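Listed in Swiss-Prot for this protein:
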BINDING   T23, N88, T165  substrate binding site
SITE      Y81  site 'Important for catalytic activity'
Amino acid sequence: KSYFLGGAGERGLTIEGNFIKFTAIGVYLEDIAVASLAAKWKGKSSEELLETLDFYRDIISGPFEKLIRGSKIRELSGPEYSRKVMENCVAHLKSVGTYGDAEAEAMQKFAEAFKPVNFPPGASVFYRQSPDGILGLSFSPDTSIPEKEAALIENKAVSSAVLETMIGEHAVSPDLKRCLAARLPALLNEGAFKIGN
């Protein structure tokens, strides 16, 4: 499969009045995403897309693969990092009424995958989201994609929630949302033109 960079941004926390950056996030979309998204969003401006939650939801639920890279700016242990991701995912799943036993079990598997991991600065986690609801996790000492995934989580709601918490209604990275809205219009207009001819 081939991917293109949809957008990138930073995630951090405000500690004692200062914004501390922890993670740089890159969202890569399978190349067929251009045709899929262009059908509805071609011709829209960056400003329109930024204000339209449905645009981000179409990225999250679209019938194409997504690859999300989270590269650490500051050192974090796997459990430290995953705890915050899980809190956000569970809060989202509960808010939309899709948190049941299967999701609790999937989140437990998610936690287990991160237990032995440590992220020094520059290390990365990769989330591969397939349209059939499988979330592949892999860990790298740098930004290169590992050949083997560390865990596979087969739960569509949990898989979607990971990206939802990054670019959805209560996004942890407004930067990333802005970048997607800024980059994608040109790709959609150009890509749709090529596909149509």
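Counting begins at 1 with the first residue displayed.
Just so it is clear, glycine is given a Cβ too, placed from its N, Cα and C backbone atoms.
Y81 (site 'Important for catalytic activity') and T165 (substrate binding site) are 14 Å apart (CA-CA, integer value). Long-range Cβ contacts of N88 (substrate binding site) within its own chain (separation 6+, distance under 8 Å): A161, T165, H170, V172. When the record's substrate-binding residues T23, N88, T165 are compared pairwise by CA position, the greatest distance found is 15 Å. Put simply, Y81 (site 'Important for catalytic activity') is 10 Å from T23 (substrate binding site) when counted between their Cα atoms.
Take the mean position of the Cβ atoms of T23, N88, T165, the recorded substrate site; other residues of that chain with a Cβ within 8 Å of it are R11, K84, V85, C89, V162, M166, V172, S173. With the fewest other Cβ atoms inside 10 Å of its Cβ, the least crowded of the recorded positions T23, Y81 in this structure is Y81. Following the DSSP three-state reduction, the secondary structure of T23 (substrate binding site) is strand.
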